[in-house]
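**Student:** In case it's useful when we look at the structure, here is the feature table from Swiss-Prot:
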TRANSMEM  3-23  transmembrane segment
TRANSMEM  53-73  transmembrane segment
TRANSMEM  81-101  transmembrane segment
TRANSMEM  118-138  transmembrane segment
TRANSMEM  162-182  transmembrane segment
TRANSMEM  198-218  transmembrane segment
TRANSMEM  240-260  transmembrane segment
TRANSMEM  267-287  transmembrane segment
TRANSMEM  290-310  transmembrane segment
TRANSMEM  347-367  transmembrane segment
Amino acid sequence: MVALLGAGAISLVFTLFLTPLFIKLFHRLQWGQFIRDDGPQSHHTKRGTATMGGIVIILASVIGYFAGHLLTWDGIRFDPVTPSGLLVVFMMVGLGFVGFLDDYLKTRKQQSLGLGGWQKIAGQVIVATVFAVLAITLRDPVSGLTPASTAISLFRDLPLDFMALGAVIGTGLFIVWICLIVASASNGVNVADGLDGLAAGASIFSIGSYVIIGFWQFNQSCDSVSSYQNEYRCYEVASPLDLAIIAASIVGALIGFLWWNTSPAQIFMGDTGSLGLGGALAALAILSRTELLLVFIGGLFVIVAGSVVLQRAYFKITKGKRIFLMSPLHHHFELKGWAEVTVVVRFWIIAGLLVAAGVGTFYLEWITQ
């Protein structure tokens with residue numbers, strides 16, 4: 001508990017008080033946001049706002065995570081970091097680096113296109129593939145479990161194990177499955193990062209849910225004396241408490257960052273932040289074995305990304321007609337006359353309700369066993 005609270009508090013203090021220094025640094029480096037001409041006209045005033053704030057979020061999250069563990073020092077030892085926690089860090093940093101390359105090219109060229117679409121996907125696939133291999137290779141030093149399972153999961157593992165098809169085919173399909181989850185989550189957060197504070201606030205709800213889920217799984221783990229030793233009620237998850245700790249560190253970093261990112265934003269997270277956060281969200285879902293629950297927990301990102309897919313598909317099928325005034329969905333409501341802050345707060349409410357539904361069904365599954 002000390003590590004969990006400490007990680008969140010340290011990362012929050014880091015972003016809350018040090019973000020202004022990074023804003024000045026980014027302006028000096030000329031890392032300013034480029035605004036597309038075909039976007040909402042009201043966004044043109046944001047041109048030049050410091051971007052790549054994801055660097056601050058990721059740095060604070062990593063520092064908070066390790067510092068939280070150091071706080072458990074009792075004069076002899078401290079609670080060590082685990083493969084599960086380090087894998088979340090790896091995913092966040094890895095996809096954050098892909099986003100950084102995209103952001104850097106945008107600021108250098110002063111155009112909306114940094115990395116090409118397929119280049120960005122390739123980066124996500126490389127990071128996700130390494131993550132997938134490590135997640136079924138490494139072992140938790142206490143429980144002996146691998147951080148991830150090769151089975152598809154909802155509230156826990158379902159009887160749908162890729163390895164039932166054989167080691168080679170099963171491993172290949174598992175890697176494809178992980179790449180699909182990672183690409184969907186990271187691009188979902190990326191698409192939602194279009195209004196001041198929208199992605200940061202929604203991510204607080206989504207990633208914050210894994211503080212609750214991880215802590216609950218820790219208390220009800222199959223090797224815990226507090227569990228009923230019932231295979232249908234306990235959770236076989238490697239290091240769930242450490243997943244809660246890294247989730248708390250990310251949430252703390254986001255809360256402090258949101259202070260400066262709320263409208264009118266003084267800094268944007270950029271693709272560095274949105275891809276990194278989406279990667280962390282995917283990693284938390286995979287390692288806590290709640291992958292399909294992401295439909296609820298990341299529900300807002302599903303809706304926003306879905307609006308883009310729907311708009312493009314309808315445009316092609318009807319040869320030029322549109323469902324929305326503009327996609328992603330938040331821009332549609334802006335063009336309908338909603339104030340930016342109104343759109344953001346209402347989307348936060350939707351995100352919160354969907355997360356509550358996800359966590360609620362997670363708990364409901366346990367009490368009905």
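Cβ coordinates come from backbone N, Cα and C, glycine included.
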**Student:** Which of 3-23, 118-138, 198-218, 347-367 shares the most C-beta pairs under 8 angstroms with the transmembrane segment (162-182)?
**Tutor:** 118-138
**Student:** With CB pairs under 8 Å as the measure, which of the listed stretches 198-218, 240-260, 347-367 comes out on top against the transmembrane segment (267-287)?
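**Tutor:** Ranking 198-218, 240-260, 347-367 by Cβ pairs under 8 Å to the transmembrane segment (267-287) puts 198-218 first.
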**Student:** Do at least three C-beta pairs under 8 angstroms join the transmembrane segment (3-23) to the transmembrane segment (240-260), pairs 6 or more apart in sequence?
**Tutor:** yes
**Student:** If we call contact 3 or more Cβ pairs under 8 Å (sequence gap 6 or more), are the transmembrane segment (290-310) and the transmembrane segment (240-260) touching?
**Tutor:** no
**Student:** Check the transmembrane segment (240-260) against the transmembrane segment (53-73) for contact, please; criterion is three or more CB pairs under 8 Å, pairs 6 or more apart in sequence.
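**Tutor:** Counting Cβ pairs under 8 Å, at least 3, so yes.
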**Student:** Which listed stretch (53-73, 118-138, 347-367) has the most C-beta pairs under 8 A with the transmembrane segment (198-218)?
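**Tutor:** Counting Cβ pairs under 8 Å, the winner is 347-367.
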